[in-house]
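K.L.:
So that we are looking at the same thing, I have put the structure below in structure tokens.
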């Protein structure tokens, strides 16, 4: 279609997860439960870390920021999805769609780099324990977290600029339950070369680099743990990074599944995992698997 005859869409319609009314009610209740646990879990984690002096360490500073990112990334997706479950019209304004792309890509990439920063933190704690507090100084921690947000901001701006240059003159139905960059690019009637380049460059440059940091850190951690002679020492060393390793496995497991997906239906349910379920699991994993968090919670409860 010629650009001169193009009538730009002013709103998109989300296909959602299902058209079955009964299934939509079930999913509404399930998503509402998950979102409630997500809000309570992440806000509770942030409050606990702030109120407990024994948790004022680099590891929990990063964890507090991870909880904040999970809270924001879930809030930009789930409330809108809940409203769509009980509404016949699933329209979203063009500006609202761009805002959702920007915020989701910002916090999604920020989470990836925060997990990489936390992997580096665990590497220093296990492999260089004597100089841990020197290396992971408050200034260094602040710079690492700020860098994570800046990378996320760069990713969000890049994806948004790429999307804002596209023309949408044909179908306005997005085959998804939120505004994601890939289905939006597939709807465009203009040249999508630049958008594909930005998307692939971002995934390769930022995604692979954060993954490599995690991989190299854990190779060094595993090597250090295996060099410990006592079984008790190995168990103690592994327990310091078990929670983080579980969260990393979930995050990168869903990411790998996205690249190996067989259909757009798989795409939607994989997206449910990393947009709705994972933000709920992270605080639960750290509270259930982490002895220091449980002790801080008990101490705070006994004080009250």
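Glycine is treated like the rest: Cβ placed from N, Cα and C.
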K.L.:
Out of 27-48, 159-180, which range is noted as transmembrane segment by TrEMBL?
P.N.:
27-48
K.L.:
So which of 27-48, 92-118, 130-151, 238-259, 271-289 has the most C-beta pairs under 8 Å when paired with the transmembrane segment (203-226)?
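P.N.:
Ranked by Cβ pairs under 8 Å, first place goes to 92-118.
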K.L.:
Could you tell me what the rest of the chain brings near the transmembrane segment (130-151), counting residues at least six beyond its ends with Cβ under 8 Å?
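P.N.:
Counting only partners 6 or more residues beyond its ends, the transmembrane segment (130-151) has Cβ contacts under 8 Å with 58, 61-62, 65, 109-110, 113-114, 116-117, 120-121, 124, 206.
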K.L.:
Is the count of Cβ pairs under 8 Å between the transmembrane segment (92-118) and the transmembrane segment (27-48), pairs 6 or more apart in sequence, 3 or more?
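P.N.:
Answer no, regions not in contact.
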K.L.:
Within the same chain, where does the transmembrane segment (238-259) have neighbours whose Cβ lies under 8 angstroms from its own Cβ atoms, ignoring anything closer than 6 residues to its ends? I mean 6 or more beyond.
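P.N.:
That would be 66, 111-112, 115, 118-119, 122, 125-126, 207, 211, 214, 218, 221, 225, 266-267, 270-271, 273-274, 278, 281-282, 285-286, 289-291.
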K.L.:
Report, as numbers and ranges, which residues of the same chain sit near the transmembrane segment (27-48): CB under 8 Å and 6 or more residues beyond its ends.
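P.N.:
Distal contacts: 17-18, 55, 63-64, 67-68, 70-71, 74-75, 78-79, 81-82, 85-86, 276-277, 279-280, 282-284, 286-287, 293, 296-297, 300.
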